[in-house]
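Record features, source TrEMBL:
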DOMAIN    215-267  domain 'HAMP'
DOMAIN    286-522  domain 'Methyl-accepting transducer'
TRANSMEM  6-28  transmembrane segment
TRANSMEM  195-214  transmembrane segment
Amino acid sequence: MNSLQTRIVLVFSIIITISAAVLGFTIVNDAQRLVVHSLGTQAQTIAEHAASIIDTEQYGALTPESSTDGYYAELRVKLDEMKQAYGLKYLYTMGRTVQNGQAEYYYMVDGAPLEQTEDVSALGEVEEEQFPGLVRTFDEKKPMVGELTNDEEYGATVTAYIPILNGAGAMIGVVGADFDATDVYALMQRNRTTALIIGLAVLVISLVITLLFAKRLVSPLKRLTQEMARVQQGDLTVRVTARGKDETGRLAGAFQSMVDDLRVMISRLNDNAVQLHSASQELTASAEHTQYNADQIADLIRVTEVESVKQTNRSEDVMSAIIETDYSVQRIASAANVVAAASHDTAAEAAAGGQSVQQALAQMESIHRNTAQMKEDVENLSEHSDQIRSVMEMIGAIASQTNLLSLNAAIEAARAGEEGRGFAVVAEQVRKLAAQSEESARVVAELITDMLSRIERIVQSVTSGNQEAEQGLIIARRAELAFASITEDIGKVSAQMDELSDVAARMAEGSKEANAASTELASSIQLASQQFARVTASAEEQSASMRQIFASSESLSGMANQMTDMIAKFKA
């Protein structure tokens, strides 16, 4: 059943068989109806003629118990004559009685010679079989023609029934005429056999023609199926020749067009697969290189972030050192004020002394030397103050540059990819400036330490001079004139101490400014550290994205390889 040819032959065979059977059945039935109608019409005509010769009054007086003489015998002879004249098989009359709702049919007069006793139905003989036509005639009081029947006892017959009506229109019996249809029935059987043989012959011939037609119809389809199997195996070099302009030819042409289009499509797919594979390899290489650069940038940013944190800590240390320096400078200013006040007091006391000038001269010379040393120390302190001012200015410049560089770092941090290199340059500048800030802080610490040492020496010198001045005052009471020179020198010292106090005050102001600058620098460095953290996160996200792109390119390359392998199965 999987073969189209088999299905075509089977379907056409069934159609032809059914058609032949229906046609034969129709012909036989029509012939049988025609025979039955023809014979039945003749039997009905004869039965009507027989009914017309019956004396209804005398017939109505007949009963199953009546004598077989008289009108019974007369009517039997007449019916026999008519039977013989018309070639009927049987011609008879029948009656019906109803007892307890059951109808019973019996023979009245059977047309036959009076002397005949066999094959004759006697008066009142009951018919065991109830024929449909007979029953309908009694029920409907209408003539009826029965069907063609073939009985073993009576043979093939066609029966007609005619009601017998009296003058009042009442039904008193039925005339039955059985027409002998044995020869006709035999002829019909022969015709039926002949029709069956002819039908079988037509069926066989039709099957052979159907088989040849199906073979001719399916043969191109089989060839087309074979070519389709080759295409299924990947052979696109097949050539199908379209024979004819029917559906099969158009199907073959359409299949060949499809194969040609498929061949072109496979060729283009192969070219696209090669290009896709090449592009995926280039994308993979580019993704690897970009991922490597992104990882390098992320590493550099992380290192810069760590250095920024360290720089923040160092800036906090510098700020602490500057705070301590500010505190020390304030103490220096306080000490200078105290020394200046002491110098004024010494001058007042020197002005009050005027005795023993020559004894105090040696002491005054010592005071002069101490004062000279103090002057030198103060000058050095002034020079160191200038250096501190320069350092503070440098710190301010560094802070300004750090702010600018931090701004540049923030701008550069917002960019990714290749522009990350500019960010690395900015980070390097920040590192250098941080190193300079650390060096400056160290220099400030050293200067402050040296300044404290010198100030301590000044205090010692002033203290020594104070003691010697006290001794000189005792002698100066005896030498006021000689002590005037000392008073003048002490005034100079007092002026220098005032100048030192002013310098210390300016140093305190500079220290405050340096403290503010270092605070701003620490804030800038902390902000830069936060920017570095965000840039690091962005770089890590970019690295993750590049890894995803790398994985996608690898998957794309695999798909291209699979496509190439699939296309390689086709033979173009």
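First residue shown is number 1, and so on along the chain.
Keep in mind that glycine also has a Cβ here, set from the backbone N, Cα and C atoms.
As the structure is a computational prediction, the values presented were derived from the model and not from experiment.
Sequence-remote contacts of a segment are chain residues at least 6 beyond its ends whose Cβ falls under 8 Å from one of its Cβ atoms, and for the transmembrane segment (6-28) they are 188, 191-192, 195-196, 199, 202-203, 206-207, 210-211, 213-214, 217-218. Here the domain 'HAMP' (215-267) has, by DSSP, the following mix of helix, strand and coil residues: 39 helix, 1 strand, 13 coil.
Taken together, the residues of the domain 'HAMP' (215-267) have an average pLDDT of 77.
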